[in-house]
Amino acid sequence: MAANIHCSIINRKRNFLSHCVINMAASVRTFVRSLSRKNACFTAVLRRSECRGFTGAAEDRSTHFGFETVSEAEKASKVYKVFENVAQKYDVMNDAMSLGIHRLWKDALLHVMHPQPGARLLDVAGGTGDIAFRFLDYIRSQQEKQQRRAMSLGQTPSWRDISDGYPAGGGAPESAVVVCDINKEMLKVGRQRADSRGVTTGLSWVVGDAEELPFNDDQFDLYSIAFGIRNVTRIDQALKEALRVLKPGGRFLCLEFSKVTNPVLERLYDAYSFQVIPVLGEVIAGDWKSYQYLVESIRKFPDQEEFKGLMEDAGFFCVQYFNLTGGVVALHSGFKL
């Protein structure tokens, strides 16, 4: 009887120890899996936060140049060469390729932007000044409207209203636009156009990279980039830089080729893009390859919803887009809160 009791006690102890070992093993497996997941997340964060300053990493990472796979460093060099080659014929080719419709797209950008007197705009990749000149013209028209409205109402501003319209340092509040482009040849064309228009104030030209803007934080009310962001090597980094330099409440506006929504129009558009545009490039600018790249780069750019997601990931709010010409072009908008 005593032997049976002793055996029973031993068996219960064995069962208890076995149960403890099993539970402990399960806990260890759970902990290891949790640690692995945390390590994977940490690795992913490190990868996302890689600094652009490590040139060796840029040389190792691959990206696309049109339909060609190249290193990030190589793409930057190739894109620079493309726009260096096409700078002098850039505006003429825009008219030829789009049949002049690009002017309406850029006008739409300004109407959606709706800048008011005193606003500061940073126009990135805007070397030839198309957006900058429109911005200054729009501001001038807004000022004229305000003056006409005041005159029609027979209002004479008081001395307090006049003084409130001037900053503390003296002088009238002026709108200003900074054109920032990485390509010196494009900026050269823009300056020539400004001189021919007699534009001498409210406009400055800066050589700079969209991925590493040479400006302090919270500097601009508005940021625009028209048909330029698809040529940037790291779009996510360019978006983060746009957010950084905008003031709280500032607005980001991007005009870019996108995904055509109509299947019939899409087939016609593809045929025109690949069979006509490179030929126009050869005839007008003497450069087939550069315009072949431009056509291919459009197909590699994220569609409307993808780009919207990239903007939201970068930290923009109230993100939306408007399709123009059936989605041939999309106008993207977002705010910094």
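Note that the numbers count up from 1, one per residue, in the order the chain is shown.
Using the three backbone atoms N, Cα and C, a Cβ is placed for every residue, glycine included.
Those TrEMBL annotations? Automatic predictions, nothing curated.
Predicted, not measured: the structure shown is a model, and the values here were computed from it.
TrEMBL annotations:
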type	residues	note
BINDING	THR128, ASP181, ASP209, ALA210	S-adenosyl-L-methionine binding site
At its widest, how many Å does the recorded S-adenosyl-L-methionine site span between Cα atoms of THR128, ASP181, ASP209, ALA210?
16
Nonlocal residues around THR128 (S-adenosyl-L-methionine binding site), in sequence order (Cβ under 8 Å, 6 or more apart):
ALA87, TYR90, ASP91, MET186, VAL189, GLY190, ARG193
Binding-site residues (ASP181, ASP209), the one with most neighbouring Cβ atoms at 10 Å:
ASP181
All-chain count of other Cβ atoms within 10 Å of ALA210 (S-adenosyl-L-methionine binding site):
23
